[in-house]
Amino acid sequence: MDIKMDNFTTPSAASLESDCDLYAHHHTARILMPLHYSIVFIIGLVGNLLALIVIIQNRKKINSTTLYSTNLVISDILFTTALPTRIAYYALGFDWRIGDALCRITALVFYINTYAGVNFMTCLSIDRFFAVVHPLRYNKIKRIEHAKCICIFVWILVFGQTLPLLINPMSKQEAERTTCMEYPNFEETKSLPWILLGACFIGYVLPLVIILICYSQICCKLFKTAKQNPLTEKSGVNKKALNTIIFIIVVFVVCFTPYHVAIIQHMIKKLRLPGLLECSQRHSFQISLHFTVCLMNFNCCMDPFIYFFACKGYKRKVMKMLKRQVSVSISSAVRSAPEENSREMTETQMMIHSKSLNGK
């Protein structure tokens, strides 16, 4: 396969390919990217574990919204477990030293988190749409039964889309490094622009349209309810719901839009200019990918905040857990203080007694 590709590669293109360093920014990236992903790892893991603990403690009160949220939390936790290897990779200047098998697994976890997260956020918006706009069409029991089937379907769909990553090599030996899960590693894939454009439409554009339609309908319903019943507006329930909706949409757009826009515009450029793009264009795209992927991965840190502000029970439980932890720390400190003073007094008395014996 390599021989055939070499036959179709002109000498000028080959020299351009070899002279183009797409990782020239590694000196800056090896500082900023590990720092960013370390923050994502800590906040994402702690926040999502807290959310999972609260959900497990309230499993008897589970509903369709909680079910989708649980799967979203599991997806985020799964992603954070793969971050230490990525942090090491970026800290070494885009050099993967632990084999292609682990590289493939990391890539699998990354894409599972990305598109499982998008799908479950879409499911949440549809679920809220039926709960608020059409509450009589599906009762609570039916929504839970459907939610279980939908969650299973989403995981099967995402695994089906990402499992081919385990078949294809994800790492590539460069002159100075071994890269992992980088775009140039599979740039020669046949019909890649069309594959990525299709993935962007199914994995981003379609979910975004569904989310915007669902939440806009929910907002209209809330405004209509507020006009019919002024007490709901005075209670502040509608305002809180609207603020939560705005927050969810902003998080989705800010985290996922830049990455998919970067992919779409570069793939369109490749289709319009089938030949090898200039090195500066390719390098700019590579930098934009690293930046937008960092932004997209930050989404797993924002999900716990959505639960915190949107779910009254979750907020109350978290605050209760934190208060309990603080009270335990204070009580242990108070208990240890007299013990410390008593121990110091005993040691002082022993020293005095020892000196008096020596004096004799």
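Just so you know, glycine gets a Cβ as well, placed from its N, Cα and C.
Bear in mind that the values here come from a model prediction, so they are computed numbers and not experimental data.
Membrane sidedness, as given by the topological domains in Swiss-Prot, is identical for A175 and C279. Looking at the candidates C103, C279, C294, Swiss-Prot gives C103 as the cysteine bonded to C180 by a disulfide. According to Swiss-Prot, of the residues N7, N63, N7 is the one noted as N-linked glycosylation site. Taking a C-beta cut-off of under 8 angstroms and a sequence separation of 6 or more, C103 (disulfide bond) has the following same-chain neighbours: W96, M170, S171, C180, M181.
In three-state terms derived from DSSP, C103 (disulfide bond) belongs to a helical segment. Same-chain neighbours of the topological domain 'Extracellular' (265-286): 13, 16-17, 19-25, 182-184, 192-194, 196-197, 200, counting only residues six or more beyond its ends whose CB sits under 8 Å from a CB of the stretch. Of the ranges 31-56, 105-126, 149-167, 241-264, the one with the most Cβ pairs under 8 Å to the transmembrane segment (192-214) is 241-264.
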